[in-house]
Amino acid sequence: MDTPPDLPRQTRAFIVLVALLQGALLYLAQRGAESGLWPFGSLGGRVCWYTLVLTVPTMTLLSVRHLGALRLWQHTIAVAVLVAALSAWAVWNATGAPGLRASEVLGPFGATVALAMFVLLPWLQCRLQHGRWQAPYRDLFEHAWQNALTLALALLFVGICWLVLWLWGALFALVKLTLFRDLFRQTAFVYLATGTMFGLGLLIGRTQQRAVQVLRQILFAICTGLLPLLAFVAVLFALSLPFTGLQPLWETRAAASILIAVVVTLVVFVNAVYQDGTAEAPYPAWLQRVIDAGLLSLPLYAGLALYALWLRIDQYGWSAERFAGVLVAVVACGYACGYAWAVLRPGARWLQPLAPVNRVLSWVVIGLALAASSPLLDPYRIVVGDQMQRMADGRTSAAHLDLAYLRFDSGRRGYRAVQALREVPAFADDPVQRERLQRMLQRQQRWGGDTNDAPRSTDPLQVRQRIVLAAASADPDAVWWQALLAGRIEDANCRREGAHCVVLRRDLDGDGHDDVLLCNASVGYGVECRIHTEVGSGWRDVARTHFFPRRGDNAEALYQALRDGKLQLLPRRWPDLQLPGTRRTEVYAADPNDQTD
């Protein structure tokens, strides 16, 4: 694509003014949320507003060349309608119940929409330029890289500008003139200045295209140099698998993400070398064969990543993270198979079939991203339905069902599913699980429990109801209970309403005298414990600890283990060491892998 003519003066002013308006609209949203003004008083209004303000103007500013272009405004209106509809759906999913962690739904939604719009933008820009959807691959390539580097340059420009302003304010603050520092910290100034800086950064990226192209060529040169090495590493790893086996992969718990990262990196590097497909291959024939071998190994990486994800899903069921991982793995499989096909079906030039593969897969990415942000492929419908089905067919017991994840992190559907569990026999007929379910429905926050703001009880009967004695444990003496009720020892919030605690009396430090371990299982994540020991003047709080569940488990299993008295004392072989005037230091066991010959 030839270098486009300079932007008209009106278009340049338009870019900066719209970016300034973006900052003003974001500031308006914050002020409206603080004062409860419509539509900012509700989460739905804010989400739709932020999504529209951040997405639509940015896409317009990256595309605009002539303000009178009809297709530009057609695209703007169409994207605005699409984004507004998707935002409304995301808000419906993220609300509708007290205490839902909306960020768990809206965060992935924002990332998915941003990805879809970024991949869609080059197609819109080509249609704006040529008037049709059948865009030349060279133009798609140029627009995609130009957009990415322009956005990166704009963000870098914003950061540099704020660094200059910080130095400005700090310099005058040295002589007690804090006017500038105070001004730069004003919320209105932050929003308006950041918007203006962003607009100027976009303008620099769009007008100084020769500098951007130089930066792009530097990146391409780096990728060109590293691609053969990366391909060799990929082939070497694939050849080592028959000797190492696959079991070590599944034991890492991070196999899928690493394997997908290899596929993504190879795809990016190959595209940086291939560029628009018109240049000659920059490698001799033998290096091309190494890269071809690396591309032929990509289906193995993508297939292993999918299988690793399937193992986790089969073991623990679907979650929003695993759903996103499967989508990424499916796209990675598409690229892996497409690039391997490009190697096996050579054309007049090296890797010539990459262009149609990239075209098709770009629409696959757009389609999957939009479907996952809409009712078509709602991840939370799939996740919640799968978790409930696993419990119904016995693959997950009631005690191991992650109620907190369903209640707080799965949106409206998860909360409704937890409510429906009250009619399920596994919860309705089991007093322990029924009580656990009721506690979860009453809680208003995911982490920290809801006991921190509740008043502490001084009624001995109420406190004893909240603190269960562990099996085979002696009851703490009356002096301990009196100290707990009087607040002379730390109660781990066990005296507050809604607390579910376990107390265990045992000699924990081996001094011949019993200690008391008081644990609270309603803190939100894991079990928080306090250790009390008896001294001459009574009981005293001496230590604290926290038990964290293993991945895939929940805090209920820890709580039940404490109630059953399954606490184990594991003495350390090496004591802590200390030199005069220094802090004590812990001795760590040597790693056998660190041994030298």
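Any Cβ shown, glycine's included, is placed from N, Cα and C.
Since we're looking at a predicted model, the values are computed, not measured.
Quick look at what TrEMBL lists:
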- 12-29: transmembrane segment (TRANSMEM)
- 49-68: transmembrane segment (TRANSMEM)
- 75-94: transmembrane segment (TRANSMEM)
- 106-124: transmembrane segment (TRANSMEM)
- 145-168: transmembrane segment (TRANSMEM)
- 188-206: transmembrane segment (TRANSMEM)
- 218-242: transmembrane segment (TRANSMEM)
- 254-274: transmembrane segment (TRANSMEM)
- 286-311: transmembrane segment (TRANSMEM)
- 323-344: transmembrane segment (TRANSMEM)
- 356-377: transmembrane segment (TRANSMEM)
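Highest Cβ pair count under 8 Å relative to the transmembrane segment (49-68), across stretches 106-124, 145-168, 286-311, 356-377: 106-124. Scored by C-beta pairs under 8 angstroms, the transmembrane segment (356-377) has its highest count with 106-124, from the stretches 12-29, 106-124, 145-168, 218-242. When Cβ-Cβ distances below 8 Å are used as the criterion, the transmembrane segment (254-274) is approached by residues 219-220, 223-224, 226-227, 230-231, 234, 282, 291, 294-295, 298, 301-302, 304-306, 308-309, 312, 325, 328-329, 332, 335-336, 339, 351, 354, 358 of the same chain, each at least six residues removed from its ends.
Same-chain residues lying 6+ beyond the ends of the transmembrane segment (188-206) with a Cβ under 8 Å from its Cβ atoms: 7, 12, 15-24, 26-27, 30, 61-62, 146, 149-151, 153-158, 161-162, 165, 212.
Within the same chain, residues 227-228, 230-232, 234-235, 237-238, 246, 249-250, 255-256, 259-260, 262-263, 266-267, 270, 322, 325-326, 329-330, 332-333, 335-337, 339-340, 342-344, 350 sit at least 6 positions outside the transmembrane segment (286-311) and bring their C-beta atoms closer than 8 Å to a C-beta of that stretch.
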